[in-house]
Amino acid sequence: MAPLLLQLNGERAVVLLYICQILFSTPLSLLSQAFSLSLLTLFALSVEISADDPSNPLSQFFKTRPGVTSGIMLGAMTLPGLMVSRLIQVSRLVSLHEAEVGELEYLNLQYWTASAICFAVLLFICFIFRLHHTSAGSTCSLFNRDTKFGVACMALFVGICYMSFLGKTYGGLSATLIILWVLCHGLAAVYLIQNILRTFSACFSVGEGLLVTAGFVIYFGDMLFYIASKIPGYWVSSNLVFLENGIKRDEIHIIIQGITLGLLLFPVFYRYVLKIWQCPASSSSSQDMSNHEIRRSFSFCALLAFMLAVAVPSWMQFVHDFHMHPLLWVFNFVFSEPLKRLSLCVYWVAVIYVSVIWFYNISKKSTIERILLRKYYHLMAVSIFVPALIFQPKFLDLAFGAALAVFLMLEIIRVWRIWPLGHLVHKFMNAFTDHRDSDLLIVRCVICFLQCMLRCTPCFFVDIDCLLPQSSSLCSHFSLLLGCALPIWLSSGVTDRPLAPFAGILSLGIGDTMASMVGHKYGVIRLSKTGKKTIEGTAAGITSVLAACSVLLPLLASTGYIFTMHWFSLILSVTTSGLLEAYTAQLDNAFIPLVFYSLLCL
């Protein structure tokens, strides 16, 4: 343990502080989860130290994003830490009879799934180290130690997990099936992360790839579990119905999940249509290119309309009883409070239109750095999301889903150059790119994921490079949207921590923005010799978030919330997330909101 602590840098120390706060708040009823989280922390720290060693072979196996550390510890601890924080929160609500025990048990299954994914990927990285040095004829005790330690940790984790489920109301067969279900997520994650890091060469760090992998596998595993629960005769044991009852889905979340699934599957179907469409076109030498683009655009729109109006609603009605077409349900939901919700829509459109036009003109004429220009969008997000989150939280849930769908459709249109918007969208988005956005093609990521999950052969997408031009793509609008939306989606339902849904808005919209602006203009004292972050910027970010919380707390109290928030824990949470933003070189839009949300739940 002591040699590991001597290897701490700023990022690793902040991650340890994050985990220690979670462990300190964990009740005795979650002792097995706390022990496994501690074990995962030590394993992740050990693997990251080995991966960042100059002699490590990981850089030869995966070409990761240059100029940053591996980020393995942060990537491995974010989601499991989040799950334990949610378990602590829901266990409090269960004790107050404000949540059902089934919800706690299903969240417990999600925690073990997230941990299994991280353990499996870390163990896979250890085997990369060992195999490389064995083939090179060297015997490095460091990498041999990591492999042995990893195998021991994985075996101990499986044992703890099995005993955790065996001690519940499940029988032995049910506990065994659950363990197999959990471990299958780990195998899927190992397979997926290899494809992601190889397909997106130099686009991700290992930690970022691990977070993306874990998110994809958990999300689609949860969807598969929910679909299977709707199939008659699926449950082999009546005890497992206890878990089924813990799956809480309302209409809004079903709609968001269905639209997301449909748009992620859309590139696969459009790939088939495009392949069939281009076959006769290649035999016609006199074909007019403009007519071909128009026909291609028509086929795109027709397939997209069928997907969103027929295929996706059919899936929604299979897994949830809507009593009407889901699109009609959305229409009725919006017009159930027409004055409030339509007024909010008008306000959003006005703010977005004015801001986008203004910032776009500035980007073409001004010499302002792109990273500062994009921070203005963070402030715009605050002005858009805060009023809706206070007064219309359910409508904001639906609006986030609609915005995500629009972003995905625009990205597909941009990548495939769909006439007449493809070129215009591409030109507009390039005005806000910076060095972190190059070559991050969202649709390629989707196709890579589907190829892995459906186990298609590589030749299935053999012509994909000719369809996806090698150009830069703006990924920050996705990460900003998800960074603000995920804490709100995770907090849907009963919560005893009203500030938790604001985690993304506070950390990205206010803290990150103020830290960047103050650090850029007035920052002098750097936190590290190699980094660009300054003490002045970090202090400004932390102070601004605390000031925003002091304004939000009385405002939320006036709307009827009852608070159990203590200022000491709030200051510690804000400081931890602020220090993480200062020390990490990973994608802060992805990690900081989730870490801050986890701490606010405590």
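Any Cβ shown, glycine's included, is placed from N, Cα and C.
The range from 205-228, 469-492 that TrEMBL describes as transmembrane segment is residues 205-228. Highlighted: of the candidate stretches 149-167, 173-193, 252-273, 372-392, 372-392 has the greatest count of Cβ pairs under 8 Å to the transmembrane segment (338-360). Contact check: the transmembrane segment (252-273) against the transmembrane segment (398-419) gives at least three Cβ pairs closer than 8 Å, residues 6 or more apart, which meets the contact criterion. With a cut-off of 8 Å on Cβ pairs spaced 6 or more residues apart, the transmembrane segment (583-600) and the transmembrane segment (15-47) reach 3 or more such pairs and are scored as touching.
Recorded stretches compared: 15-47, 149-167, 173-193, 398-419, 498-518; the one with the most Cβ pairs under 8 Å to the transmembrane segment (372-392) is 498-518.
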